[in-house]
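Below: one structure, written as structure tokens.
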Amino acid sequence: MQDVQGPRPGSPGDAEDRRELGLHRGEVNFGGSGKKRGKFVRVPSGVAPSVLFDLLLAEWHLPAPNLVVSLVGEEQPFAMKSWLRDVLRKGLVKAAQSTGAWILTSALRVGLARHVGQAVRDHSLASTSTKVRVVAVGMASLGRVLHRRILEEAQEDFPVHYPEDDGGSQGPLCSLDSNLSHFILVEPGPPGKGDGLTELRLRLEKHISEQRAGYGGTGSIEIPVLCLLVNGDPNTLERISRAVEQAAPWLILVGSGGIADVLAALVNQPHLLVPKVAEKQFKEKFPSKHFSWEDIVRWTKLLQNITSHQHLLTVYDFEQEGSEELDTVILKALVKACKSHSQEPQDYLDELKLAVAWDRVDIAKSEIFNGDVEWKSCDLEEVMVDALVSNKPEFVRLFVDNGADVADFLTYGRLQELYRSVSRKSLLFDLLQRKQEEARLTLAGLGTQQAREPPAGPPAFSLHEVSRVLKDFLQDACRGFYQDGRPGDRRRAEKGPAKRPTGQKWLLDLNQKSENPWRDLFLWAVLQNRHEMATYFWAMGQEGVAAALAACKILKEMSHLETEAEAARATREAKYERLALDLFSECYSNSEARAFALLVRRNRCWSKTTCLHLATEADAKAFFAHDGVQAFLTRIWWGDMAAGTPILRLLGAFLCPALVYTNLITFSEEAPLRTGLEDLQDLDSLDTEKSPLYGLQSRVEELVEAPRAQGDRGPRAVFLLTRWRKFWGAPVTVFLGNVVMYFAFLFLFTYVLLVDFRPPPQGPSGPEVTLYFWVFTLVLEEIRQGFFTDEDTHLVKKFTLYVGDNWNKCDMVAIFLFIVGVTCRMLPSAFEAGRTVLAMDFMVFTLRLIHIFAIHKQLGPKIIVVERMMKDVFFFLFFLSVWLVAYGVTTQALLHPHDGRLEWIFRRVLYRPYLQIFGQIPLDEIDEARVNCSTHPLLLEDSPSCPSLYANWLVILLLVTFLLVTNVLLMNLLIAMFSYTFQVVQGNADMFWKFQRYNLIVEYHERPALAPPFILLSHLSLTLRRVFKKEAEHKREHLERDLPDPLDQKVVTWETVQKENFLSKMEKRRRDSEGEVLRKTAHRVDFIAKYLGGLREQEKRIKCLESQINYCSVLVSSVADVLAQGGGPRSSQHCGEGSQLVAADHRGGLDGWEQPGAGQPPSDT
């Protein structure tokens, strides 16, 4: 058994080797306007089939076949029915195209092969793809080829001209079919050796059936060879008999006439196959021909041999059962031929591989997975790989439903092979290749000799490159993926990025089973843009909300790298976001508390990343706009205070903290403190939690420390401390404090800048020093936000994330300008420059106030509108500047051609046209009657020069045109752009506002309770806690928490159950859709048609039984007549002869018909 992966360049060798083998290759140009060209080879009848097969692959570069259809039939002109013509022209060519098949047919333009050639021609003319073509190889005996001498005298390097005759044949000679492109011409063999063409074709079919090929170059499927019988004369029986002895399956088209109809009538009743019955069939199918009794007897023997291999024969009637396509019929014929009576799964693998290669999951369900065989996971591993590589999600689902265990199937080695099988034209292949090249150059820089030269052959990607690609897309959400699976290393991976030893590979055992097989397959499918398969893996895996959001993030990043497919990826990204949103809706409707916990729990499969973090990275605005997420954010925003508390009450408590201990502000009911062991154990259930917003660990600590606090300070001290923390720790209070203090900061800045800004040495004054200190506390807070937020992140990445926020950039600019302004202000020589810089800095600090509007439902979306309009203005200014410069330079050249002063040139070229847009038109320069200037040299130095009046009319015309374009056209264009931007944002105003609201709540949730300048106390507290290694207050626990293992598993199981409910509802909606109802109706109609076809088959069997009964009654009547004609010895003799006759007929024996004197058949009775 050999693997066929494609052309093998070493077989056969050069032209001299081919001549030694008797091969003479050449090219032929057919006449006519089409200028068709074909390749041919003249071979001896005894050539080895392996040499011929290698010639087709290596020399002619034909793609390795997944199926070979050998067309056998009538080689003389005959009347073809319309349905049979459609089967050949549409069904056969379509089946060959869809399955990657070769068609072996006659090379002569006559009979059945003529129609096949026309079908191939029509397909080549209609097809727009050069990659998908139908391979039709014509074989013929050289002795039957018209213009044979032209082909015999052809040289290999010089194409010969072959005349194309309209008739196609002259007596027994026929011309080559110009619709084919490859010809095998068999030279006549020695006399008495029979038909060399038939012998060679049989040996070639046998050799091809012993080769292996497969989709994707897997080389795991035996190449099936199917013989298709259409019409045919009785001499075809010898060909069929020898083929079935080689276990070649046959598909017989009923109604095509000739020997095909004879076989169709006799294949189901081999016990009645006697010469008399065969003769009757031959006379019916060939009424114009006369056959000798010796031929009848010989053909009857062949028919008996053929019908004894019924498992290789498939009879199909397209006139009555025409609802199925020919490729389906072919696959069923192959399944029937290779089907064994054994119940071992190994005996069904080849037919299962064929079904996978041809994507016929319906046949796999009905013929293979019908309950007769018990499949094990190990039996389906090979076909599972084929289905994954060739993107057959329905087969993957079928295998999983019938015993395939993905946990046992997916090892890291097999996952690595899946990534190595990605298409070379995909974006993933380019990314992996780029990462591999970066690693090679890194190792080369370290002096590794083997890494200096690029590896030969196709790139062998490893999971190391995959993990680096995923890290670019998912950042911290894939930390530790595909690294050493030892527990210690896994814990280190969760805490921080793993550091690989210099010059070493990842220590990952490729034989180890994947810890999260569904997640790994899901990522593999998403990276390859296989949406249907990825959706199935998502449905089968855990942590569905997090997985869908991770897919959103991946597709968003990939769309930035591949702009051509950005629209398609955006559609799929929205689909995954919809999956996450719908699944969370299902969870939220079932349990609000568990849904909140789902948002903040650290997902085990995604490197301890929360759903909120993934949604932020994926910019999933629709997810944040969900009512459940907003309800959770509302609880976080108000903390333990009652939601909806009036702002005036909050402001009163902020200005007078003693009011916190009154009933001015309502706090949540405080549950009685429980410190028993049973109470602590109750925390394992989410349903027993009073509020799911705070971390379980903090609640346990409160319960443990409660008796100590009561013992030390008493209940009143506990009440005062708890109320104080609840008020000042709420994000709404932090936000209010920052807003109030920021207004105070701006008021102080205004006072200093306008009233108390003294030059040195009198200044700076006390209020100005207070302003410096205030800005110093602002700087400390920005440093904390940039470098002291997440301990598990590198400083460079922290700074990158900090700079990525636009408001942080605004803060950096404001602080930088303030430092520059203060530095200049301290120098007497640069005092005015310092005032100028500080004045500009005040404007930046004031614009920073816009950020607080994000919490307002009406004003929040307007910030997005302003931001997008600024981008629109940038592109608008490009068009405006083109007209501005063109008009300004032209008018300057016409009005002031001799004025070379640079400041005046700039003023007239740019500044004056810009003012003219707003209506300030200098008539004293344009209107000749209003010109007022002097040409005196002493007055000309500081005053404008007199304009030139030579082309005054042209300047006025240019002014009119300029005002028309800028004031009417461009301004209206800008208004239209602004209107479109406003409509887009306003249409999604609620979604934009809710997303902004989330970012604002998270920001102030993580900020210290005190606002600048008092925030310095909070910074000192954090510093002291770090110095004394005392654990700081983890407000982050409200947005990220680690659940105990039993509780975490309970949440995961609950989410999985909700996902199953969601998928069942989706399936129900799909079943109730109009398209699905129509599909089911069509399926039922097909079922009824098949049922009626079965009734026709039963009717045929009844008629067959009636004919058999009639035949037996005739025999019985003849015996009775013989017995009734005489008595005595003569009667006995006749009786014995009659008995022998009946016995011989029922045995089906042929010896009695070959006795001397029995050359003629008995008369019909």
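Glycine is treated like the rest: Cβ placed from N, Cα and C.
According to Swiss-Prot, the protein has these features:
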BINDING   E222, C338, D347, D350, E351  Ca(2+) 1 binding site
COILED    553-581  coiled coil
INTRAMEM  904-939  intramembrane segment
MOD_RES   S129  phosphoserine
TOPO_DOM  756-765  topological domain 'Extracellular'
TOPO_DOM  826-832  topological domain 'Extracellular'
TOPO_DOM  895-903  topological domain 'Extracellular'
TOPO_DOM  940-951  topological domain 'Extracellular'
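Sequence-distant contacts of the topological domain 'Extracellular' (756-765), counting only residues of its own chain at least 6 positions beyond either end whose CB sits under 8 Å from a CB of the stretch, comprise 772, 825-828, 831, 835, 838. Counting residues per DSSP class in helix, strand and coil order gives 0 helix, 0 strand, 10 coil for the topological domain 'Extracellular' (756-765). Neighbour density for E222 (Ca(2+) 1 binding site): within 10 A of its CB lie 18 other CB atoms from the protein chains shown. Sorting the topological domain 'Extracellular' (826-832) by DSSP state (H, G, I as helix; E, B as strand; all else coil) yields 5 helix, 0 strand, 2 coil. For D350 (Ca(2+) 1 binding site), the Cβ neighbour count at a 10 Å cut-off comes to 17, with all displayed protein chains included. Residues of the topological domain 'Extracellular' (895-903) grouped by DSSP class, helix first, strand second and coil last, total 3 helix, 0 strand, 6 coil. Minimal Cβ crowding within 10 Å, among the binding-site residues D347, E351, is found at D347. If one looks beyond the topological domain 'Extracellular' (826-832) by at least 6 residues along the same chain, the residues whose Cβ comes under 8 Å of a Cβ in the stretch are 759-760.
Secondary structure at E222 (Ca(2+) 1 binding site), taken from DSSP and collapsed to helix, strand or coil, is strand.
Summarising model confidence by region, the topological domain 'Extracellular' (895-903) averages a pLDDT of 82. In the three-state DSSP reading, D350 (Ca(2+) 1 binding site) counts as helix.
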